[in-house]
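Features of the protein shown, as given by TrEMBL:
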{"type": "BINDING", "residues": "8, 10, 165", "note": "Mg(2+) binding site"}
{"type": "ACT_SITE", "residues": "8", "note": "active site, nucleophile"}
Ligand SMILES: O=C(O)COP(=O)(O)O
Ligand SMILES: [Mg+2]
């Protein structure tokens, strides 16, 4: 049995791609640039805002301009923090699954802390996660293992399970040597058998049993 859990946020606990797409669409409209499809933007989620904006700029063939990149990141984050969750839904069964757990819970997300806290407040979830490590908490983001290590240190309990949805989470877990429970319905594009993971689940109704059945090696 695990004694603490660390969760990824986007694509794991919540389907936030519609708000992230809306934020990018707003930014591109302000810039007079063509828009990008929902599927394209959803495929850009996972590495945090700087990577998202780099991918958007490349998709539009914009020149590699660090100043413009920084400006677009700052504007995206500011707007997102102001309106974090109008289109965002928890995946079915998440709240019930979290309610069943009597363990300390942390978030380790590449979403910056400001929008993360704003989204949690909007969902009424602030009390659930006493520890939050966001994409701008440290100078490095996932897949660097440092954010996951920090979340674990702040939880101060173990053994730990990490719960995520993406290539980034699989690499983070492997580098941190923490077992990963992989939610299969998020923003991953790599086939399941090519991503290292301890166990996978398709629906949050199955989560509590997976945690109960976990035996640390
Ligand atoms: O904001 C992102 O790009 C990813 O966020 P996540 O780490 O919660 O999946
Ligand atoms: Mg994710």
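Count begins at 1; order follows the chain as displayed.
For all residues, glycine too, the Cβ spot is worked out from N, Cα and C.
Curation plays no part in TrEMBL annotations; they are all automatic predictions.
Counting only residues at least six positions away in the same chain, the Cβ atoms of 8, 10, 11, 12, 182, 183, 184, 185, 186, 187, 188 sit under 8 Å from the Cβ of residue 165 (Mg(2+) binding site).
Residue 8 (Mg(2+) binding site): 28 other CB atoms within 10 A of its CB, across all protein chains. A Cβ within 8 Å of the Cβ centre of 8, 10, 165, the residues given for Mg(2+), is found for these other residues of the same chain: 9, 11, 12, 13, 46, 109, 164, 166, 169, 183, 186, 187.
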